[in-house]
Structures are given as C-alpha cells and as structure tokens.
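Record features, source TrEMBL:
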type	residues	note
TRANSMEM	C:12-30	transmembrane segment
TRANSMEM	C:42-61	transmembrane segment
TRANSMEM	C:67-84	transmembrane segment
TRANSMEM	C:91-110	transmembrane segment
TRANSMEM	C:116-136	transmembrane segment
TRANSMEM	C:156-177	transmembrane segment
TRANSMEM	C:210-230	transmembrane segment
TRANSMEM	C:242-275	transmembrane segment
TRANSMEM	C:287-303	transmembrane segment
Amino acid sequence: MTATSLETEARSSGMRRFVRRVLFSEYLVLWLSVLYFLAVLPFVPQMASVEVLRNILSDMLPLLVVAIGQTFVLIVAGIDLSVTSIIAMASVVGASVMTGDGGYLAGSPLAVPAAMLAMVTVGLAIGAFNGFCITRLGMPPFIVTLTTMMFFSGAAIWFTTFHTTTSSIANLPHGFVVLGQGNIGGVPNSLWVVLAVGILAHIVLARTVLGRRLYACGQNRRAAAVSGVPVRKVIAAAFLISGACAAVASILYTGRLQTGTPILGQTILLDIIGAVVIGGTSLFGGKGKVVWTVFGVLFLVLIDTSLKMLGLSLFSVFAIKGAVILLAAVIDAVRTRFAARI
Amino acid sequence: MALLECENLRKSFFGVEVLHGVSFSLDRGRVLGLVGENGSGKSTTMNILGGVLPRDGGRIRLEGAEFDPRGPKDALAGGIAFIHQELNLFENLSIEENLFITGFPRLGGALPFINRGRMRRRARELLEQVDIRHPPGTPVGSLSQGERQLVEIAKALSVDAKVIIFDEPTTSLTRREADRLFGIIERLRRRGIAMIYISHVLADVTRICDDITVLRDGAVVGGGPAAQMPTERMISLMVGRTLDQLFPERTCTPTATPVLEVRGVSQPGVVHEIDLTLHAGEVLGIAGLMGAGRSELARILFGLDSFHGGTIAVDGTVIEKPSPRTCMEHGMAFLTEDRRGEGLMMHATITDNIALASLDEYASPWARFIERTRLGDEVGRIGQKVRLRAADPVAALARSLSGGNQQKVVLAKWLLRNPKVFILDEPTRGIDVGAKFEIYKIIDTLVAGGAGVLMISSEMEELMGLCDRILVMNHGEIQAEYSRGEFDSGRILEAAMKRKTSAAAPGAIAEKVA
Amino acid sequence: MNTVRLRLALLRNAPVALFVVVLAVFGSLSDRFLDVQNFTNILIQASHIAILGIGMTFVLLTAGIDLSVGAVMYLSVALLGIYLADASPILAVPAMMAVGALFGLVNAFFVVRLRVAAFIVTLATLFIGRGLALWVTETRMVFYKDQILSLARAEFLGVPWAIWVFAIVFAVAWIVLNHTPFGRQVYAVGENPDAAAKAGINVPLVLTTVYAVSGACAGIAGFVSITQVGAAASSFAMEKEFAAVAASVLGGVSLFGGRGGVAGTVFGAVLIQTVQNGLVIVNADPYIYPLVTSSIIFVAVFVDSQRSRILERLGRRRIRIEERPV
Amino acid sequence: MKLTRRQFTLATLMAAGTAGLPVYVKAQGKKTIAVLFDGLYSPFWVAGLDVIKQDLTKRGYEMVQAISDKDDNRQFEQVRAMLARKVDGIIIVQTDSNAVIPAIKAANDARVPMVHFNRPPAKTDAFSVAVVADNRSITNATVEHMVKVAKEKGGKYKAAILIGNLGDPNAIGRRDGFFDVVDKNKDIIDVVARIPTEWNADVAFAGLTNAFQANPDINFLFTSSDFLFPQIVQVLKTRNKFQPIGHKDHIIFGGFDGDAMAYELLKDKYLDADGVQDLFKEAELAVNAIVDLQEGKTVERVLLDPGFAIHQANLEQARDRMWGYSIYKQKNG
C-alpha cells in the first residue's frame, strides 16, 4: 500500500465516520428534512420566511397529535384506521353541541367545555370499542378499525343532516374560535396543547410502567402475558389513547376551520400512518418513539408545504410526494443494511 | 476412501478467526458425534458444510471430489442435508408439501403443476421409513415436535442425502420420541447413510455414535471411536479441565414449611386430581413422558390455563382467581419451556427483559414513573448474581446471547421479584454443559434462600442429581413419588410408562374438528 | 363438549349462514333481489374488486401489502385510453397486464432488493402512479371506443364477458396457489421467510413475482372496470386498495402472511357487493349504506374470530380421556 | 473507495429524485394569481381550470394552482401557503362553504383579494367576492323541464336520481333541487331509487344497474353530474333502454353541468334536459373581479351566473352559452 493511498484512506475514513454518524443517528429523518428544506429553498425562497415556518409548525400540530396516538397503536403491533372517522365524528358532534344554530347547548356558557368534552368522549368511546373488539373478541385490528372507519365516516355525514341543511355545522361560539386562535405568552394555544400531548406521550412511553408494557406487548405478546403484563388492558389502552388523540386533533382542526364538518380528515389516513412509519416506528410492533413521529410529521408537512408553495399541477404534486417518500424510505433501508454489516 | 473429508476449515467473522483449521472425516454408514461447548465452532463448521456460510479456507471432499456448496440448495443437491435445531418446516403447509417444497413432483414431469398423486405416494413411502403414521396431507402445525423432527429426516431422505447433519435434534423431544429418533438413525446407518450428530446430551452421543470429535475454541481437541471416549473424557476435553462433578453439591435440605399446596386440581382432558406440596428449601422434580401433562400442569398452576376443580395455595393462602398476575403477587415465578416464544423479548435489551415482570415494584406511587436508577442497579446486581455473560450486560439484545445466557436472563427476571415458589419447565434445554452447571447452582442458591422449586425435566440424570423428591406424572395424574434415597431410573421410567395411553393424539382431535 | 361441537358446527358454516341471512333479508324486502339476473349483476359488479383482491391475496400471503393497486388500475386504464384507443381487447388486456406487472416489478425492486417496507414503498408508488396517470391524461376524463364498451354487453355461452374474466382469473389463481410449486412456495415464504431461504426456496424471486402478479391483476381489474363504467375520470379507482384488502381479510386472509386463499377473497368481495346491491334494490336511505355495509363486515369477521377461538380451545392438548363425558 | 453496486443504485436514485423537482423560476415583474380547486373530478372542473388559466395568461398574469382533493383543512393550508408566497390574488373553489371562512379572513388580513369560483361561502363579515352558480335553482329548472316533458307524454313515472358525494355541498344542492320539483309532482312521479355514487364511476354504475334490477320500469332519470353519463349509457344500453326521444322505451333523462357529452346526447336526442353552469361567464367574472379588486375598484360581493337549463326546445339558441358545446366544436372541428 502506498503512502498516498493511505492518506486517501484516512481522509475517506474520516468522511465515512461522519456519514456513518449521520446515517445511524435516530435523527436521520430530521437530517433528511433539513436537507430537503435546503434543496427546495432555491425554488421557493419564501420557504425560509417566518410566516412559512410558522405555517409549517401550525400545520404540523393537528397531524402530529393523531400521529402520536397512532404511534402507540403501532407499538403494540396494532393499526388504527378509524382515526380519520373519529376526527370527523368528533368534529360534527362537538359542533352540534355548541353551534349557535340550534346546538344542544347553544348560548350556554358551558357550551364550549361541554362540546370539547363530547368530542373527547367520542374519541374515547370509539377507541374503547376498537379495544374491546380486539382484546376481548379477538378480532384483527386492521378489520375492526376498518369497519369502525366506514361506520363512523358514514355516521358523521348522516349525523350532520340532523343539524343543518348544509353540508357542515357552522356558527361555532366565539369562545371556541378564540381558543383556537389565541395564545398564552406569545405561544399559540394549539401549540401548548400539542406540546402537552407530545411531552405526556413521550413520558408515558419512555418513563412509565405503561410505556414499558406497551413495548413488551408489541415485542412478544405471549412473553408479556407470562411475565404478568395485563396484555388486554395494555392493548386496549393503546387504542383508547389513539382515539383520544384523534379527538384532540379534531378539536384543533375544527377550531382552525371554525366549522364542524363530516369530511374532516377523511383523506389523511395514509399521511398519518405514513408519517409515523417514515419516522421509524415499525408496523410490526415493539419499536417507536414520539420524537421519531415528530420528525416523520415534520418531513411530510415540509414536503406538502413546499409543493403548495410551488403551486404545481396535481400530477407533479403526486409524483414528487411519492418520490420523496420513497427516497426517504430507501435511505432508511440502506442504512439499516449498513448497520447490519458493521 | 472416506465419504466426506474436511480439511483445515477456517472461518472468520469481522476479522476474528473463529475456526482455526478443523479437520475430520466420515465414512458411509457411520455416525460421527460432534461435541463442544457453545461457541466452540460446531455450528459454524456445520453451517459451512450445509452451505449456509462460505468458508474462508480449507477444503471439503465429498466422495473424493471437491465440494464447494454455494448455498443450502447446493449442499442439498450434493447430498448433504442439514437438520437445524429450529426446524425449517412450514406449519401452514401439509407434511407432503413440506417434504417437496423445493422439488415438487410435476404433472407430466415438466408441466408447472404439482402431481398430487405422485407426491402423496412418495410421501407415504418416506413417512413409512421414519415411522410416521399420519396421512401425508396432515398440516405440520398439528404435529408434535418429535414428529416434525422425523418429517425433517424424511425430507432429507427424499433427496437421497448421503450425509445428514443433526444439530441438537433432541432438545424439544421427549425421551420416548428421542428413542424413536435413535431407532430411525440406526436404520439409516444400516442403509449406508453417514450422519453427523451434534448434541449436548453426552449420554445420547455415547449411545448412538460410532466416532466422536470434540471441538474447543474453534479447533479439534480430541476424538476417536466412541468406545474410547467416556463421558468424563469428553467433558474434560470440552471444557479444557476435568470436571469433578456434573451437579453441584446441594447446600440445604428441605424444611417442613409448605410454600405451595395444590389440592385436587383437575381439568377435564388434561390433568386429574393433582395433589402436591412443595416445601421451602425443596427442589421437587416432576418426571414423565412428553404428553404426560407436566407442562400443562405448570401452566395451570401459574394461571395461564384454566382449570375446573381444586385449589392452589401459596404460603397457606388460596389464590382466588389464578392468573399470571395474581400468581406473581402471591410469590410465584414461572420459567416456560418455550424460551423464545414465551420467555424473552428477543429484540429487547437484557435490562428490559429482566425488568418486565417487576415494573410495578419500581414504579413511583402516583404517576407510575419507573425509578430507572434503582431498577438499573438492581438489574445489574441480579445479572451478576446469575453470572450473566454478555458483551454489554445492560443494553445487549436478548437474541445476541447464547442459550445459556438467555436462560439466565429469564431466571434473573424472576429473581428480581424474590419469589417463594419457582416453577421451572425444562430449565436446561438446549444449554451447554458449563451453563447447565451454573443454572443448577442458581437453583441451589434459590432453595437455600428459603424458596421452593418445582422442576420439570426430561433429563432423568438432572432430576436425580438435583431434586429432593421426584413426582412421576403419567396420563395427567401423579403416578408415583420418590424421595432422594429411593431414586432409581428404572423405577421412575416404569411409573412414567405404566398403563398404555388411550388418549387420542392431538393431531387426531384437530382432524376431527377441521 | 357436545354443545361446543354444535356451536362449532354452526360457526364453521357461519360465513355461509351469514350470506344466507343477507340473501333472506333482502329477498324478503324485494322480490327482485332473488333473481338470476341480479346474481349476475352482483358478480359483474364484484368482479373488479375480486380480481384486485386476488392479486392482493398473493402479496398478503407473503406478509406484504400492495397499496398501489388503485393507482395501477388508473394508470393502465389511462394508457389504454390514450395510446391504445383503437387496439382490440385481445391486445389491450395483455398490454394492461404488462403495464401492471411492470409497475409491480418496480415495487418489488424496492421491497426485495432494497428491503424497504412494502407499506411505504407501495404508499409512495400509489402517489407516483396516480401522478403519472394524471400526467398521461392531462387530468382529463378519458373516453373509450365502442369495441371496448360493447364488451359490457357481450356474452359467451350466455354468461357475460366480465364474469368469464373473473372466473378465469380466479381459476388460474386458485390453481397456481394450490397446485403449482410456486403457489406452495408463496405460502412457505409467508409463513417463515428465513426458513424458506434455508430450505432453498428462491425467496426474492417469489416475492418479486407476487408483486408482479398483483400489478397484472390490477391491470385486468382496470380493464374489466372500464368496460363497465365507460370512462375514466381522475378519481378512477381511488381507494380501491382498501376495498381489495378488505375483501381479502374478510375472506380470511391474514395480514401476517401464510394463511388464507383466493376463494376467501372472492367470497369477501361478493359478500360486500351483495350488501351494496341489496341496499339499492330495496331503495334504502343513502345515508345508511356505509353503516349497514360496515356492520355486516364486522359481523362476518366477528363470527370468524369466534370460530378460531373455539378451535384453539379445542386444539388444547388432550392428555387423558375422562371416564364420563363432561 | 470502490463504488459498490448498492452505492451506485443509491446515488442514481438520489439523482433521479432531485431531477424530479421541476425547475421553478419566478418570472420577474409578473403578477401571480393562485387558483385553488377542490378537485378535478369532472370535465367541468378541468375545463374551468383551463379557461381561467388561459384568461389569466392572456392578461399577463402568472397562475399557480393547488388542488385540495376534498380536504377542507388542506385547502386552508393551501391558502395560507399562497398568502405566504405573496400571490396577488386567489381564485378558490372551496370544499366547504363554512370551513372556508377562516381562509377568507386570513386573505383579508394579508390584503389579498379572494374570489370564489362557482360556489358561495356561507354568510360572513369577512370580505370576498363570489361568482355563484345556483346549483339548486338550475337543477329546479332542469327537472321542471323534464316534468313538463313527462306531463306532455302522460302516464305515471318511476324516477331514479344519481346523488353525488353526500359530503359535497354541490351534490346536496342538486339533490335538493331535484326533490323540490318531484315532491311537488308526487301524483305522477314516484322516486324509487336514490343512488349514492360518492362521485365514483363504478359505484354509480353498480348502483344504477341494481336500481334497474329492482325497478326495470324506471323511466325518469336524473344524474347530479354529467361526468356519470358514460356509466349511465352503459347501463341503459345493457337494458336496451338507450333510446332516442320518441322511442317507446325512451327514458326521460336529465343531467347537470353542461359538458361536451351532454351536448352530444342532446344533439342525438337521447337527453331531454341538462342544467348548464355558464363556465365561460363564471371564469370571466372571476378573473374580472380579481383584476378589479387588484386595482382597488369596488366589486359586487355576489356575481351571479344564473345558469340555465338547456333542452331540446332551446338547444339551437342556447348552445353557444354551453361550455361543453365549444369543447365539442374544438374536438370535432
């Protein structure tokens, strides 16, 4: 071996070390997001403006809440397809409680808290039903939540017809709207909510008994049962959490649109699951983190925002979104293979 | 000329040589026993022979010709069949489909359709050779472990294998099934098939092998005809020193205080009127054939399966609604026979595995936070206590550990709870000699500390070497009881096999149902 | 024991029983429902989902998933309408199958060679496929010529053309899965890919093939669908991937691989379509369609899960035979 | 460092991915108008987007577009993205009339004019201009003509309606417009089939087939969108019911939109009446409004496209106002 080749070797090994560190860090998706951001910046310089960054943040929030719920379910090797219908159902139920146009509690000072309570109850109830069917009746999560999705998507539309002649329930009380737009200490209320949910979810997963049990159920359900983990309760809890998170997302969505609409969120199912999985959570259970989901959602929202800003035709929007997701996944797969070799 | 000759085989992983030139040869109609501790290079050698791993050096000659398998299929085509410890069978397919999965007989010889008639006929022939009486269309999922092993052998026969490698074939077999396997091996030997037999059960190796080769640290350290290789010699070669004993000296004697009292436990079709008492400081063995109801009884006692009549009491308190949780709360612990399926989270760290059963004890009162420092300290302490050996005793993944260390992790998981009653179902299955000894020592420490151990094992020597008392189960009932002084393998076996079983085989039931 | 057996016997035939109940309910509500012509309608209407589901079954059997099938349907149909408008069906169908298979091979490249999770790959190619189709059609509705449209009314031996295609695809898939070495290897790979590789099965080849099959089936499904609906708008075959997976899972195919078969998938697709059909026939309120359909799917899966639970309990090892039957 | 095949593959993919990003260079000095549509599911919307684009280009504007795919939240995000991009005006087809209001307010705050194309927003104090086609009244006129034809022919009628996506306000408007009229004529018209299509061609096809199975004597048919014509024709042909006016098996047939196929069917005397939204007029009104607002002129808040029902009696006179006719003319020389 000659001296020069030794030198190149040394330099390339330094390079390699760096590449390796980036590739194997659990922040890979974050790095990819940054890379993507820099890549599109020449095309849409406005991406770097405060306004757009603020938009990206606020667009992330509701999606992030549902995605966090989904993370819990994926960790126990389940899947929750019903989240979109929970968003829709909670939206119209909440609106029907508080709308000024003949809501159940129209005009009452209790309307807003009662409506929000009703929304969370919808989420919990549907989540509980999913959990019950899966743990007590032994039905597969995919099909249970598929049927609840179909059922409540339809039910939300039907429910709306009892409250309005239009396709959505408007005239939500001022108090609710302000809640969505207001801020505490310069930080928007919705951000506070999502921060709270996110930190809570992170703590539950990383620090509490429930968190350990969720991972255990996803890793090896039988071993968990033998070790005294109340497997059924734990799995049911994951679906409850997912339902509640979807309901919170519904509050945020309904607040920003100031309307209870039965088609809310109907098209974002693949975005939700996609964001979680891109973040690194496994569809086969036992693996997942809240921060990963944050990065996954950031990545997707970043792509979406850039495509919106570019104002491209529909086909390029589809094609680019698909290509970027694929690229991210390929990079992830390649790095796991490198990891296996080193 | 030998049928198979291996010369100077070498293999390295990540630049570390693990096989330093292994040589041996094998003749037609001979059985070569290959023994050595875990990590001695047995599996690597056999994986090279079976085409699973490429070799880095050395040569292999099969029937005098150079043999260089590029993959399992290649090796098989050359006549070397490898029966792995974890069987390569597909539970969702039938026996016959498993036999021919890579070489289905085709209609007209070349059409892309399976010739079902021909497949069935050939499957019947093959199954007859290995004494399986199930119809070839039976799903493999409904066969017992022993029967599956025999299906694997039939599979090897189907390709006219010249050499069959057995890797720990008896770990999940009962004595009777193992005897049946040995009968088949004998038959194959007479047909001129050469076999390599890897096992930790040295008594079996002595019994069925013609020659024995001992490996240690990736090199052959000794070998010769079986007659010249008594067990003591094998062990001293394997471990590199002489072992004075196979079982540790028991350091305590049973007390009169009962810790577990089982009265009249019955479950129709499974167990009948089980009465047993386990005392503090006692190791109580349960012997019996596979299918005698031992594991089923263990699962019932730990609340995993339901039962219809009777009571289970720990320390005099009857467990009201037995479930793993309530049983644990009463101070029970259960080590299952299925380490991978039920004992461990293979992709989780050692710490997570050990902590799993004790999370409640390390949770803060209200928010149920895990007290991670305290838990970490305790896990470390327990890990040392069971002499856990791993690259990283905290963060290594369970699947990266050897069988013995995996079992220690499972034990550590229960030790962390300080239970009073241990139910151990086949605790030394698939574990090498050194690790076995360590597990025996742990068991001794447990009872010395005042706990009671209920131990199920298919290895008679183990029960007799370790237990204070042995119960023999047969047909879901306790057939006999022997105290330490009265141990006699003949009598125990007699009790275990008394009364011909008239129960239907599980396969038969499944058939009726389907 | 006897009662368990009885319940099991009931449950074993439960899918059929459920089907009969559905038929009886709709039949009693409308005398037009139980009519040969109507069953023909149901089969025709179920055909494209069933064909899609048959392809999906291959993928699901290997524990994968193909979310891109709806996009492939649209893409192949778009290419047909734009570039092969005058081609005869004899040429068009193989061409569309080829387009689908090619797309499947792209999926397979990422899943098999680069080991990316099938869910993500096909999610991404779903977007890419729809994007390509929109590009080809310039987002416009594509119309088809009469030689294709008249197939909707064409019959052979008194049986509509679509049903023939359906039957042929089903028969071929059934034979392939049950009576060819490849089919059995698909099951083996789905049950345990590592063991399959050790046994000498060419696992990458099997996986690649199933994605190609799924794509090809999507091509056929696109063709069958277009002969009926006559034109393809930009929403063509939107979210059909869910319908296909639902039909398979309803028919007993496991998402974790190795279990189920195409017969179940066809049953699932036909059951769903029967319900949809019955609702129109009895002129039900449109708002309750999704409610009724989802409830019936739910009941079907519920019954199936109860059956496997009882089977599992019965499968518990018997060690002794009790003197008296309990 | 040797380039392995895998690294090569990876690099190629990366390059392909980057090249996929179309080069976007903003033309300097040109004003930009954002056009945000709800979807491009039927020829009406595709043509609408084209017409607006041509019109804007002709006047020296640049157009950027975004499609919300029936997701009102995504549409809200699109509006905000366009505002952040500092576009000079927004033409929007909102997914939901109530849910669009926050978007209008955001546009107001950013002082970017907003014009609603084809659908009005709900009542609000936020300012925007709406070009409105009244789905309900156009449908009224169309169905009234169909009823007139029916009365002239005499006898009783069994009616079927293909309903759009129940979550879509346009679909609801057209459905209500249909029932306004038929409910007044219950003596001769009995609605035997309400077929939900979810704006989905194969659902429509299956639904109509099944409706004819249940009631082979359906003889009065209305579709909530012309883009379902191909499916309807397929079903009618199978049943031998695709017959011109005057034939004994002719079904009184009406549609909504006014696309090219509608014109062909009218011309060939298969279709009795079609509700036409005046696409060109709507597009022109919208573009005019946005330009005027840009220049600070005052514009009426509601610009009405009265639309009209085209039928056999007024086909010759009215067809020039039918957008589908000009597309038809283009296609057929």
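Positions of Cβ are set from backbone N, Cα and C atoms, glycine also.
TrEMBL annotations: computationally assigned, not manually curated.
Using the rule of three or more Cβ pairs under 8 Å, pairs at least 6 apart in sequence, the transmembrane segment (C:242-275) is in contact with the transmembrane segment (C:287-303). With pairs at least 6 apart in sequence, the transmembrane segment (C:210-230) and the transmembrane segment (C:91-110) have 3 or more Cβ pairs within the 8 Å limit; the two touch. Taking residue pairs at least 6 apart in sequence, the transmembrane segment (C:67-84) and the transmembrane segment (C:116-136) share three or more C-beta contacts under 8 angstroms. Note: the stretches the transmembrane segment (C:67-84) and the transmembrane segment (C:287-303) are not in contact (fewer than 3 CB pairs below 8 A, sequence gap of 6 or more).
Long-range Cβ contacts of the transmembrane segment (C:287-303) within its own chain (Cβ-Cβ under 8 Å, at least 6 residues beyond either end) map to 11, 14-15, 18, 22, 246, 249-250, 271-272, 275-276, 279.
If you look at the transmembrane segment (C:156-177), the same-chain residues 6 or more away from its ends with a CB under 8 A from one of its CBs are 40, 43-44, 46-47, 50-51, 54, 57-58, 61, 183-184, 186-187, 217, 220, 223-224, 227-228, 261-263, 266.
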